[in-house]
Every structure is written in C-alpha cells, then in structure tokens.
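Note sheet for the following structure.
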Amino acid sequence: MTIFYTFIFLPLISAMLVPLLYKYLNRRVHTGWFVLLVPLSIFIYLLQYIPGVAAGNTYKYTLSWIPSLDMNFTSYVDGLSLLFGLLISGIGTLVIIYSIFYMSKVREALHSFYVYLLMFMGAMLGLVFSDHLLVLYGFWELTSVSSFLLISYWYERKSSRQGALKAMLITVLGGFGMLAGFIMLIMMADTYSIREMIANLDVIQGHTLFIPAMLCVLLGAFTKSAQFPFGIWLPDAMEAPTPVSSYLHSATMVKAGIYLVARMTPLFGGSSVWFWLVAGIGLVTLLYGSLTALRQTDLKAMLAYSTISQLGLIMCLLGIGSLAIYFGPGDSGTVFTVATFAALFHLFNHSTFKGSLFMVVGIIDHETGRRDIRYLGGLMQVMPITFTIALIGGLSMAGLPPFNGFLSKEMFFAAVNDVSQSGIFGLSNIGILFPIIAWVASIFTFVYCLIFVFKTFGGTYRPEKLTRKVHEAPWGMLFSPAILALLVILIFFFPNVLGKYILTPALTAILPTMPISPYDLKISPWHGPNMELLMTIGVIVIGFLLFKTMKRWIQVLRNYPQGLTLNHWYNQGLSGTEKLSASLTNRYMTGSLRHYLIYIFSFFVIVLLSSLLLQHGIQFDTSNDAVISIFDAGLVLGMVIAALTVLLAGNRIMAIAALGALGYMVSMFFVIFRAPDLALTQMVVETVTTVLFLLCFYHLPKLEKRIERVPFKLTNLIISIAMGLTVTLLALSANGHKLFEPISSFFENAYELAGAKNIVNAILVDFRGFDTMLEISVLAIAGLGVYVLVHQRSKRREQRETE
Amino acid sequence: MKPNDVILKSVTQVAAVIILTFSIYLFMNGHHHPGGGFIGGLSMASAIVLLYLSFGIEKVRENIRVDFKKLAAIGVLIAIGTGMAGVVFGQPFLTQAFGYRDLPIFGTTELASALIFDTGVALAVIGTAVNIILSISEDR
C-alpha cells in the first residue's frame with residue numbers, strides 16, 4: 001500500500017481508533033483534538049501535489065482489490081480531484097476545530113459523532129480520487145449513509161430522524177439511478193475506468209444508450225447536489241449539528257453532484273440534452289432556492305435554501321461551460337471555457353463564504369439559543385467579531401466587492417450574457433431568459449443576504465426574547481470562520497494565485513481538449529463599464545429598495561400555501577406508498593409458516609421445472625455411475641425409514657431422534673464416498689442441531705392433530721410431491737450434462753498454490769476465502785440477531801410484569 | 001437448565017476433556033488432514049454445550065468467563081484482519097501466504113497465514129453456536 005492510499009484511507013482507519021480514544025482519554029482531552037490530526041495531515045500531504053499538478057502532471061495509483069474481476073481502486077490525482085481533496089481536508093480541519101468548541105465533551109456522544117464524520121471524510125476522499133466507476137459508486141453511497149447517520153445524530157428528536165430518512169431516500173434513489181447509468185456506460189465502453197471512457201469517446205457518443213445513461217447519471221448528480229425538484233432534503237438535513245451542516249451540507253457532500261457533472265463533462269458535454277438539463281435545471285434551482293430562502297425565518301433554513309440556489313448557480317455555469325466542447329478550440333470555445341472556470345471559482349468561493357456563514361449561525365444558536373430572525377436583532381453590540389465575519393460572508397454571497405463572491409458573480413453574469421447570444425440549441429429564441437432569470441435570482445440573493453446579516457445583527461437588541469445571557473463566542477469557535485472570512489477577502493485581492501495553481505489544473509481535467517491560455521483566465525475585479533457591471537448595480541439598487549420595503553411584501557411570501565410546496569407532495573407520495581405497500585404485503589404475509597412454505601416451494605417448482613422442460617434439460621446419463629453396493633442400498637433404505645418416521649412420529653422427541661438418525665446416515669454416505677471432512681462436519685452439525693432442536697421445541701405447543709380442509713391438504717400434497725419430483729429430476733439431470741469444464745483440476749494443485757495437502761480446507765481458507773469470510777460474518781450477525789430478539793422479548797415481558 | 005444427573009455429569013467430566021482435545025487436534029490438523037477451523041470450532045462448541053447441559057448455565061458461566069458474543073465478533077475481525085494484511089503488503093485482499101521455517105523443538109515447520117484466518121473462523125463458529133444455544137435456552 002503506497003503512502004497515497006495510506007492517507008486516503010487514514011480517516012477510515014482512524015475511525016476505528018476513535019471509540020478507544022473517547023473511552024480512555026475524553027475525560028481529560030476532547031476527542032476532537034486527536035481527530036483534528038487526520039484532516040490536517042491529509043491536507044498537508046495533498047498540498048505537495050499542487051506544484052506537480054499545476055505543471056500539468058497527473059499521478060496514477062492502483063490498489064489491487066479483486067484483480068480477477070477488474071475491480072481495482074485506481075486513482076488519478078488531477079486538478080479536479082485535487083481541488084476537491086483540498087476542500088475536503090481543508091474545510092474538514094476547520095470544521096473539526098470548530099466542533100471541538102461546539103460539541104460539549106460532557107453531554108454529547110462524541111465517539112459516534114467523530115466516527116461518522118471520519119467515515120464521511122474517507123468516503124468523500126475515496127469518491128473524488130476514484131477512477132473506477134463502481135468503486136466511485138460505492139463511496140458515493142457511503143457518503144449518503146454517513147450523511148444519514150450525522151443528520152440523525154440527535155436521534156431522540158423526531159425531526160432529526162425524519163430529515164435523515166428524507167435525505168437518505170432521495171439521495172439513494174439518485175444513487176441507484178446513477179448506478180444504472182454507470183452500468184450502461186460500462187456496457188458501452190467495455191471498461192470501468194473513466195479515463196479510458198474519455199479516450200473512447202466515439203464509441204459512447206454514437207451509442208443508443210448515450211442519452212439514457214446521461215439521464216441516469218444526472219439523476220444521481222441532481223439528487224446529491226439538491227437540484228430542483230430534489231432539493232427538499234437539504235433544508236431538513238439542517239437538523240444535524242452545525243459543524244455537520246457546514247461541512248457536509250454546504251462545503252463538500254452536496255458538491256459531489258457538481259463533481260460528478262464536472263467529471264462527466266468530457267463524456268457528455270457538447271450535446272444539447274446535457275446543456276439544457278444541466279444549465280436549465282441549474283438556473284431553475286438558482287431561482288427557486290433564492291426565492292424560497294427569502295421566505296425563511298430560521299437562519300439555518302435560509303442558508304440551506306441559499307446553498308441550494310448557489311449549487312444551482314454552479315451547475316448552471318457547468319452546463320454553459322459544456323458548450324466549449326461543442327464549439328471546440330476558437331473564440332466561442334474560449335468564452336465558454338471561461339464559464340467552466342467560473343464554475344470552479346464559484347465552487348471554491350462558495351465553500352469559503354458559506355462555510356463561515358454556517359459557523360456563524362452555529363455561534364448564534366450556541367450563544368443565544370435561538371435561530372429565528374423574528375427573535376434576534378441587535379447582536380452587533382454583543383458579538384462584534386461574529387458580526388464582522390457574518391458581514392464578510394454575507395456580502396460576499398450577495399456579490400459585493402471587495403469579496404470573492406463579487407468576482408465569481410461577475411463571471412456568472414458574463415457567462416449568461418454570452419450564452420444568450422450564442423444562438424445554438426434553440427437559444428436564439430429563449431436564450432434571453434438566461435440573463436433575466438440570473439439577474440432576478442441575484443436580486444433575491446442580495447435581499448436574503450441583507451436579511452441574514454441585518455435582521456440578526458442590526459436593529460435593536462432585545463435580550464428579553466432570548467433565553468440565555470448572550471456574550472461573544474470563545475476564540476475556538478471564532479477561529480475557523482475567521483480563517484474562512486480572511487480567505488474571502490484574500491481571494492478578492494489575489495484571485496490569480498488560486499486560479500493559476502488550483503483552478504486551472506482542475507479546468508484542464510474537465511475540458512482536456514480545449515487549449516487553455518493563462519491570459520483568458522485572468523480574473524480581475526474591474527472590466528470597465530460593461531453589461532455585467534450594470535447588472536450588478538441594478539441588483540444592488542433594486543435589492544436595497546426591496547430590503548427597505550420588506551415589511552410590505554414578506555408576508556405574501558410567507559403565506560404561500562403549504563399544499564403547493566414540494567415538501568407537501570413528497571409527504572403525500574411517501575405516505576401513499578407506505579399505505580399501498582402495507583396493504584399489498586398484508587395480503588400474503590399471513591404469519592403462517594405453512595403459507596410461506598407453499599409460496600417458496602411453488603415458486604421453486606414452477607421456475608425450475610418449467611426451465612428444465614423448456615430447455616430440454618431432463619437427460620439421464622448413467623454411464624459414469626458407480627456400482628451400487630449393498631451398503632448403499634441399506635443406507636438408503638434406512639434413510640427412507642428415518643424420514644418417514646419424522647413425518648409420522650407422534651411426539652417431537654421421537655421426530656428429533658429420527659431426524660438425527662437421518663443426518664448420521666448421510667454422514668455415513670460421506671464416509672463411503674471418502675469425504676472425511678464432510679462426514680466430520682455433518683456429524684458435528686447433526687449433534688449441535690439436535691441440541692438446538694430440543695431447546696426450541698421446549699417453546700412449542702404439544703404436537704396435535706390439526707383439522708384442515710380437504711382442498712388445503714390436497715394442495716399441500718400436490719406441492720410436496722412436485723417439490724420432491726423437481727429435486728430428484730434436477731439431481732439426476734445434473735449428472736447427464738457436462739456443460740462446463742470442471743474446475744476441480746485447479747484445486748488439485750492446492751499443495752503448490754496454498755501449501756496445504758487438504759484440498760477442502762485450502763478451498764475454505766484460501767481459494768474461496770472471501771466466501772468464508774462473508775459466511776462467518778453472516779453467521780455472527782445472525783447469532784447477534786437471535787440474541788437481540790430473545791433478549792428484547794424477555795425484557796418486554798419483564799416490563800409487562802412490573803407494570 | 002439445571003440438570004442433576006450423576007451419570008451425565010461423571011461422563012461429561014471425562015468426555016469434555018477428550019472432545020476439547022480432539023477439537024483442537026482437528027483444528028490444528030486442518031491444513032493437511034481432515035479438519036479445520038469450521039469443524040474444530042463446531043466440535044469445541046458442542047463440548048461447551050455438553051458442559052452447559054450437564055452442569056447448568058450458572059456453574060459453567062462462573063468457570064468459563066467468556067462472552068461468546070464478543071468471541072464471535074473477534075473471530076470475524078481476525079478473519080477480516082488477515083485479509084487486510086495482504087493489502088498492506090501490496091497483494092490483493094485475502095491473499096494467504098505460507099512458508100517453511102526452522103523452529104526449535106518442532107523442526108522444519110510450515111507456517112501459513114491461513115491458520116490465523118482459520119482461527120478467526122473457529123472463534124466465530126464457537127461464539128455464534130454457543131451464543132445462539134445459550135440465548136434460546138435462557139429464554140424461559
């Protein structure tokens with residue numbers, strides 16, 4: 001395992017140590033201090049890739065996992081994955097510092113918190129560095145799972161559980177769609193590697209599955225990145241502790257969809273469907289998010305919708321940027337290359353200002369006990385430092401200089417203006433909508449940013465509405481947002497440092513075919529009096545007027561009927577599905593074991609017998625059979641008698657004894673056919689199961705005659721005879737066919753390959769070791785399941801007795 | 001379970017030793033002869049169950065202070081851990097290694113990482129089998 005993988009897996013490995021650290025050291029040291037070392041070391045490790053990647057190199061690593069199935073963890077470190085890797089580890093470091101002061105080491109279950117957080121970090125790093133599609137999918141789902149665990153961290157609250165469930169349902173739905181898309185891609189390109197797919201572009205683009213695969217992949221990206229109409233899970237995810245919201249639900253996880261779209265742009269970019277879906281949905285999301293954010297009174301919900309809207313903005317830019325592939329190298333191509341560059345720039349900027357804003361909300365919540373703007377106000381006097389940070393973050397989000405949001409917002413306006421004039425894909429008619437919607441959404445964004453900052457910190461301070469005595473946050477909570485706020489300002493003054501070393505390499509990864517000259521990608525705050533500047537001035541003027549007249553129109557928005565929201569439809573759909581599946585399931589899940597056996601056996605008979613008949617599979621071949629000896633005949637006779645005894649025995653002890661006899665006679669067969677391992681196993685299993693049966697039968701009622709209706713009995717008789725017939729036919733026919741070369745010759749080399757003279761054991765522990773490992777895992781889980789079920793029952797009984 | 005059968009108890013006292021010894025023999029023998037982790041573990045579990053049956057749960061629990069749930073989990077972890085060992089040495093997951101070493105007393109002996117994996121299997125089997133039987137028998 002190379003150093004690279006050691007660092008990628010560091011979060012997952014150290015997650016195992018966290019419970020121990022918590023148990024033995026948490027009383028003296030907050031567990032977060034140990035966890036902090038993980039993202040910090042990864043960040044420092046990844047930093048050293050910057051010079052190489054900026055010079056245009058990529059680094060490939062392979063960790064073989066199941067080489068025979070071509071399942072390897074192949075990683076490419078290129079500009080895009082490095083940008084995400086740095087964001088994940090960098091913001092991760094800041095968030096953990098923040099969480100040390102946010103999460104009380106006395107009251108909270110810190111060990112599970114940090115285990116989930118590290119699990120997420122590991123999954124996210126694996127996701128962005130994976131080149132193998134199925135491995136990427138695995139990590140993708142792991143981020144959904146860890147997000148579920150983190151949202152439901154305060155699981156005693158009902159809203160947390162519901163929010164977690166909603167996030168899980170929606171993102172996993174998209175994940176499945178994405179898996180389907182990936183499988184189509186793999187079928188088309190006949191490779192698992194994204195790199196190789198991009199190299200074989202022609203095969204994929206001409207294929208009939210091109211559009212279906214694109215739609216499925218986009219479903220995954222849109223659900224994860226909370227695009228319209230899937231974004232409803234994100235506001236509910238705000239039930240998570242604030243460090244989680246700021247890390248997963250604004251800076252990293254929700255950007256996984258953006259990452260996927262960016263990663264897939266070389267494959268799908270240039271087609272009109274891709275452009276319209278990515279740019280169109282992005283634009284709709286931008287408008288929807290910013291308008292809904294205005295309605296919110298809860299600060300965190302406001303930020304959640306604002307995140308949705310900003311993600312829409314980035315998505316829209318990526319869609320516009322994909323036109324660069326359509327135009328190819330040239331002037332028009334360059335214009336849209338810059339749009340992709342703006343997407344990356346805004347992605348980075350959003351992580352800085354939104355991260356700091358979330359942390360500010362966490363501070364307000366932590367210090368005042370309130371997050372509702374109707375109760376807050378005037379906090380400027382008590383929390384001056386927090387106010388400064390909020391002001392920087394908020395104005396950057398609003399798109400004002402001298403903050404980094406201004407730069408990327410200007411570039412966004414430039415991109416939508418360019419796209420409206422490009423005149424392709426039917427844009428000549430409705431292309432004008434792009435700048436209009438973008439401009440309107442920006443006004444809304446401007447207004448809610450003002451609301452966020454000035455309704456909380458401005459106005460009069462009303463301590464009587466707050467439950468706690470308010471004071472400035474401790475330095476540890478201010479440290480991380482302050483660093484981010486500092487970045488917000490620094491990036492405004494030195495954007496080209498970031499552009500040259502981090503964003504340009506990422507751009508090369510998204511648009512590998514485009515010539516990229518540093519001159520086109522120079523970010524500057526002043527472009528002269530052009531359309532973009534006018535749009536920004538318009539945003540500021542109208543936004544300011546709207547903010548001043550807020551009292552007149554805000555109630556209209558807040559009184560928007562609940563029945564028309566997406567959430568309402570989601571709830572309706574969910575409860576409808578639950579009702580439907582409950583009524584369907586209750587029809588056949590009767591609770592009677594006999595019914596279940598009937599289902600299982602009839603299915604078995606129908607499927608196997610019909611396929612045997614249809615495929616003309618019933619063939620007998622007795623030429624290779626051994627001679628039947630007197631021992632065999634005697635044993636079979638004994639087994640038949642024992643089996644009949646089980647059926648006809650009047651009491652259970654006798655039935656168990658007969659069953660045991662049957663089992664021992666089977667092991668005699670193994671002895672005759674010289675399979676000592678099987679014979680031994682069968683004997684011991686038989687012994688242990690007899691004890692188990694005796695124990696279980698203690699709980700059963702006495703065996704008694706059941707009066708059943710004749711048709712019922714007749715059905716049972718037919719099904720059991722058919723079942724016996726099917727199995728017998730199958731066993732006999734299996735001998736009549738030699739479809740494949742037997743693989744046993746491979747195992748005969750056990751001594752050379754595994755150093756074992758016992759082939760059976762060599763198969764168990766070496767050749768098929770994976771099977772054995774999973775089998776014993778299942779065994780142990782089943783054992784725990786039995787333990788839990790039995791103990792739950794006796795505990796409930798005790799409770800009933802004490803009541 | 002609170003049996004009071006003198007014959008059973010006396011037989012068990014001798015038989016348990018033999019079964020336990022035999023199960024260890026089966027386990028160690030598995031690499032080259034019939035036996036292995038699964039059979040060894042299962043026969044050891046059957047010996048422990050026999051002890052429970054003849055002496056009662058309480059008495060055995062006082063003398064064998066093992067939490068069988070944890071034992072099963074440790075077994076699974078050992079098995080997965082040996083799989084990871086291959087990865088650490090740059091081999092695919094679950095690659096087993098073997099070699100021949102000169103050891104004092106034993107002479108030239110084959111050492112196989114499969115034995116560690118098999119230990120995991122045996123522990124998981126013992127833990128799970130005893131755990132299930134104990135749970136059901138305690139459920140009164």
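In case you wondered, yes, glycine gets a Cβ from its N, Cα and C as well.
Since we're looking at a predicted model, the values are computed, not measured.
So that you can see what the record holds, here are the features copied from TrEMBL:
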type: DOMAIN; residues: A:66-113; note: domain 'NADH-Ubiquinone oxidoreductase (complex I) chain 5 N-terminal'
type: DOMAIN; residues: A:130-427; note: domain 'NADH:quinone oxidoreductase/Mrp antiporter transmembrane'
type: DOMAIN; residues: A:638-702; note: domain 'MrpA C-terminal/MbhD'
type: DOMAIN; residues: A:714-792; note: domain 'MrpA C-terminal/MbhE'
type: TRANSMEM; residues: A:6-25; note: transmembrane segment
type: TRANSMEM; residues: A:32-50; note: transmembrane segment
type: TRANSMEM; residues: A:80-101; note: transmembrane segment
type: TRANSMEM; residues: A:135-155; note: transmembrane segment
type: TRANSMEM; residues: A:274-291; note: transmembrane segment
type: TRANSMEM; residues: A:339-364; note: transmembrane segment
type: TRANSMEM; residues: A:533-550; note: transmembrane segment
type: TRANSMEM; residues: A:596-614; note: transmembrane segment
type: TRANSMEM; residues: A:626-648; note: transmembrane segment
type: TRANSMEM; residues: A:655-673; note: transmembrane segment
type: TRANSMEM; residues: A:679-700; note: transmembrane segment
type: TRANSMEM; residues: A:772-790; note: transmembrane segment
Are the domain 'NADH:quinone oxidoreductase/Mrp antiporter transmembrane' (A:130-427) and the domain 'MrpA C-terminal/MbhD' (A:638-702) close enough to be called in contact, which here means at least 3 C-beta pairs under 8 A that are separated by 6 or more residues?
no
Tally Cβ pairs under 8 Å between the transmembrane segment (A:655-673) and each listed stretch (A:6-25, A:80-101, A:533-550, A:626-648, A:679-700), then give the stretch with the top tally.
A:626-648
Per the Cβ filter (under 8 Å) with a sequence gap of at least 6 from its ends, the transmembrane segment (A:533-550) is approached by 398-400, 406, 409-410, 413, 435, 439, 442-443, 446-447, 450-451, 454, 527
Number of helical, extended and coil residues in the domain 'NADH-Ubiquinone oxidoreductase (complex I) chain 5 N-terminal' (A:66-113), per DSSP
31 helix, 8 strand, 9 coil
For the domain 'MrpA C-terminal/MbhE' (A:714-792), what's the model's average pLDDT?
85
